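A.B. asks: Take a look at what Swiss-Prot says about it:
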CARBOHYD  ASN50  N-linked glycosylation site
CARBOHYD  ASN117  N-linked glycosylation site
CARBOHYD  ASN163  N-linked glycosylation site
CARBOHYD  ASN361  N-linked glycosylation site
CARBOHYD  ASN378  N-linked glycosylation site
SIGNAL    1-19  signal peptide
TOPO_DOM  20-553  topological domain 'Extracellular'
TOPO_DOM  575-599  topological domain 'Cytoplasmic'
TRANSMEM  554-574  transmembrane segment
Amino acid sequence: MKKILPIIWLINLVSGSLSLEKKAPDLLGKVCAFGDFNADRNTDILVFANGTLTINYQETKLLDVLEASKFTPGTSFAISKPSLNADFVECSVGDFNGDSRLDVLVSIRDKDTEIYNHTLWTSEIEDEKEIFRPFHVAMLQQHAMAIDVSDDGWTDVLGFYPNGSMFCTGFNKEGKYNLLVNGCKHEFVAFPEKLNIYPGMPHLFVDLNSDLIADIVFMTKESDGSLFMSVWQKTKISWQFRDWVPKLTPAQYPFVGAPVVMDVDSDGELDILVPICREDECSHITQMASWSKTKLWGLVACDMQDYTVIKEPFSRVIFRVGEFSLDSFPDMVVIAQATRANTRPVIKVMDNAECTKCEKNGTRRFEIRAQENIQPKNMSLGVIKMGTFFDLLEDGSLDLLVEYEYGGQTRFGFIYCPDKGDTTFLKVQVFTGVCSDRCNPKSNEIGSSISMTGACASFSMTDGWGGSTQSVACQVPASSNRALYLPFLLYGLGRSPNFVDELNIAIPKYADRKEDWKHSLKQIVPNSRIIVLPPSDQYPHWTSRLYVTPSALIVQSLAVIALVCCMLLMVVVFLHYREKKEDRYERQQQSHRFHFDAM
């Protein structure tokens, strides 16, 4: 027993040391957008501070789960006067000129007219240094969508003028914009002359009819105040209107927040969830209206307990979506404040939990996660303004990104959330097919590293109890109003060690050959990250690469095994040394012994 105790002590020591809280990064500025700017497969953060946008490169190796992540400031470029209010700035990223480098679409809200002035900043290399050049785009009603409308693989700008008429443009190699034919009139069939856009709500680019091809959903406001989702489906000819989603009337729900998109009940169909508010400010959320293709409008319970919610100025975005618990049911995050006096806003994870007593045969409900998050010192002393999910170590386990004010400055930090039990995940990232020098698969990089907006994927597998698990999601379904969707798809596989039976991937492109827009992968090992490249002019076939991420339990087990081996080696060395010492002593005794035979 005494010999076993040291080994048990070492195991506990290693397990404890590997589970210690790592020091999370803390940076100055307001989060503007996410993207992989330097093609190293890590998600970087575009930050606005004092009139300047700065790319903060995340430095962490894909398989190095022991090293804490850190951010290094990179290219900076001034977009306004230093005194500009950060609440007036919005960003979205994409490859607008087809050079496989991330460009930045910036909109600045005019304080008087409430119109957004859009400027495209294109990335270029000059004298081996990255620079960003500005090109004025348009004055629009709110921040525009950054999606590929024309099927050429380049990111286009789709928005609305202040009078409600559509603005749609693509760009050439030099970055200068070219209006598409009649402002997208040939891309959209019988598009209305004007739409009354619902202010503060991001438009969506998601699959609503389960064909894995993303549809465009414009958030509009009817004359009676109803929220109407104008859906446009990609067809062989053009984008065509589809009257799929019935409007939400003020008689039913007079006040609503910005919709979010997820497969809430993990049935293989995407759901649109609209927060139902008690008042126009949306401080109190009572429940969520849920729409899907087969179930139409229903209700999902949302238990906020005694908390009110905090949203940003000029925006109706309340919740942000992510697979936090990795149980195949997406969760949400919200900034909330207790109703009792002298309380500060806090970040809360809304667990997607099973519901057995929900109305109208509902099966899921959202409830505040019981486990409290330990905040860093500055964050706990500051005033929290915004929160979202972020994968700090690129290990498939989502952490919390928190933006707050402290000492008169806007800052953001992170809360590490590594303990997800023995759950597994599948991480999928679909890149654009338009490439330059980054499209030759090398040992450490593949493709353009630019996430394709609207790429959708679904998976199916057998769980540990003999049942089936499935889910569907679309990559970056919204890019305006600081929706801050991460540039990849993350699926929780629960506690099942089984392989993923099938993964279906599709890009928002209509083609006669199914192989041109859809691809399937089978028998995928859990805890994997898959990078997918659709067909392009350079490479006419689908390309994929799989990276396996070891879980924390595996790392701890390997560390314990290594320490035990070291202990055994030390014991062997010690016994060998003692044996040699005894042999030397015996030889000395032999040399001093009197030999009677010699007499």
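For all residues, glycine too, the Cβ spot is worked out from N, Cα and C.
Since the structure is predicted, the reported quantities are computational estimates derived from the model, not experimental observations.
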A.B. asks: Can you tell which of the glycosylation sites (ASN50, ASN117, ASN163, ASN378) has the fewest other C-beta atoms within 10 angstroms of its C-beta?
C.D. replies: ASN163
A.B. asks: Using only C-alpha positions, which one of ASN50, ASN117, ASN163 is spatially nearest ASN378 (N-linked glycosylation site)? These are the glycosylation sites in the record.
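C.D. replies: Of the glycosylation sites ASN50, ASN117, ASN163, ASN50 has its Cα closest to that of ASN378 (N-linked glycosylation site).
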A.B. asks: Could you round the CA separation between ASN50 (N-linked glycosylation site) and ASN117 (N-linked glycosylation site) to a whole angstrom and send it over?
C.D. replies: 18
A.B. asks: For the topological domain 'Cytoplasmic' (575-599), what is the mean per-residue pLDDT, to the nearest integer?
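C.D. replies: It averages 73.
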A.B. asks: Compute the C-alpha separation of ASN117 (N-linked glycosylation site) from ASN163 (N-linked glycosylation site), stating it in Å without decimals.
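C.D. replies: Here the two Cα atoms lie 15 Å apart.
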A.B. asks: When DSSP states are folded down to helix, strand and coil, where does ASN117 (N-linked glycosylation site) land?
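C.D. replies: It is in a strand.
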